[in-house]
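See below for the structure under consideration.
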């Protein structure tokens with residue numbers, strides 16, 4: 001493997017280590033022992049849940065090919081997963097507000113374990129069922145656990161700022177360290193232990209079962225609004241009204257859909273971008289490098305959120321602009337650097353253009369690492385508790401539609417057009433983030449003036465000249 005890969009990986013590793021070791025009191029949040037125990041319990045469960053997810057990712061496509069399915073059939077299976085997440089996942093995820101977030105988290109474990117079991121069958125209909133179950137599980141993973149955490153955190157009376165510590169640690173572990181370990185473990189099961197491509201799915205099912213046992217034994221139940229007896233349709237209407245009536249929630253949903261849509265598109269595009277002529281590249285090592293870059297981003301986010309300034313709404317504008325610029329690298333290199341000769345197909349190392357793109361992609365993954373804990377913090381501030389899971393799943397509807405469209409047309413457009421589209425979406429996200437900042441600052445200013453008037457520090461009426 002080329003020295004360049006080791007240089008990028010080693011450089012990112014040194015930066016992450018330096019950031020973690022150089023933290024001072026300003027970068028740390030003083031908490032209580034009760035909160036530390038609560039946080040560690042959640043991080044254990046979240047890490048097990050993410051390990052169960054990450055173990056499967058690298059081997060889904062490969063497993064389908066070993067069963068003899070072509071690109072078209074596999075594409076339909078993936079579309080079924082995202083479509084299921086949009087339709088069934090939204091309904092099941094929304095039930096968490098009414099039936100309980102703990103129950104929803106347990107449902108995630110059971111659903112994903114069943115999805116893993118279907119991978120033992122080469123039958124297309126069984127695999128399709130597995131993708132549908134996996135889509136439902138994905139919706140629960142990205143809504144139920146966060147909803148339970150926020151509600152339980154507030155119920156126990158912990159300070160609001162401490163939530164950011166849990167968010168940043170969860171992303172640092174779940175989307176960084178656990179992803180790297182899961183990738184290496186999956187590689188060991190398949191290539192070293194030669195247990196076959198189904199082995200990572202069996203390992204994922206075991207980890208999910210362990211996590212479910214921890215949830216059953218140590219988590220309490222919480223709800224959105226147990227006093228309400230609304231049916232599911234009423235919940236959907238209430239969530240839609242909340243989004244339509246509060247510009248902050250609507251902006252947050254649009255920002256999330258634009259960023260995550262670009263992120264999922266990037267997942268499909270980075271391999272052909274780095275190996276346009278099917279050059280041999282170490283996919284597993286590059287994936288681990290991306291996850292290390294994400295860890296770097298979450299470490300930076302932890303420092304930013306530990307301080308009162310800059311606000312999340314402020315620095316996220318810069319994050320979106322940097323992410324938009326980083327996905328322009330394939331377009332820039334295509335125009336200014338000669339592409340490698342086609343005769344090197346199937347061989348050779350990474351080209352100069354691909355090397356530059358790899359650096360840009362690492363910058364994008366760093367932005368992803370900052371995005372996740374930051375968007376979690378904003379959601380905890382602006383989304384009403386009584387409909388948190390429902391609204392969060394509403395946010396995923398346009399995202400899943402977008403990803404399905406991209407999957408269906410992934411070969412219809414040149415790769416540079418696809419990256420350009422993602423860059424435009426991220427720039428729009430930066431504009432919307434600016435609007436969100438303006439609204440929240442105005443709201444804070446109005447709240448301050450109201451508070452001062454109530455205290456009598458500001459005259460409610462202008463003074464007359466005779467007074």
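In case you wondered, yes, glycine gets a Cβ from its N, Cα and C as well.
Computed from a predicted structure; not experimentally measured.
TrEMBL has this to say about the protein:
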- 6-22: transmembrane segment (TRANSMEM)
- 43-62: transmembrane segment (TRANSMEM)
- 74-96: transmembrane segment (TRANSMEM)
- 126-150: transmembrane segment (TRANSMEM)
- 170-189: transmembrane segment (TRANSMEM)
- 201-220: transmembrane segment (TRANSMEM)
- 285-306: transmembrane segment (TRANSMEM)
- 318-337: transmembrane segment (TRANSMEM)
- 349-372: transmembrane segment (TRANSMEM)
- 393-409: transmembrane segment (TRANSMEM)
- 415-432: transmembrane segment (TRANSMEM)
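Just going by CB pairs under 8 A, the stretch in 6-22, 43-62, 318-337, 349-372, 393-409 that sits most against the transmembrane segment (201-220) is 43-62. If one looks beyond the transmembrane segment (126-150) by at least 6 residues along the same chain, the residues whose Cβ comes under 8 Å of a Cβ in the stretch are 42, 45-46, 49, 53, 56, 64, 67, 77-78, 80-86, 88-90, 92-93, 96-97, 101-102, 104-105, 107-108, 111-112, 114-119, 163, 166, 219, 222, 224, 376, 379-380, 385, 388-389, 392-393, 396. Fewer than three CB pairs closer than 8 A are found between the transmembrane segment (74-96) and the transmembrane segment (6-22), and contact between the two stretches is not assigned (pairs 6 or more residues apart).
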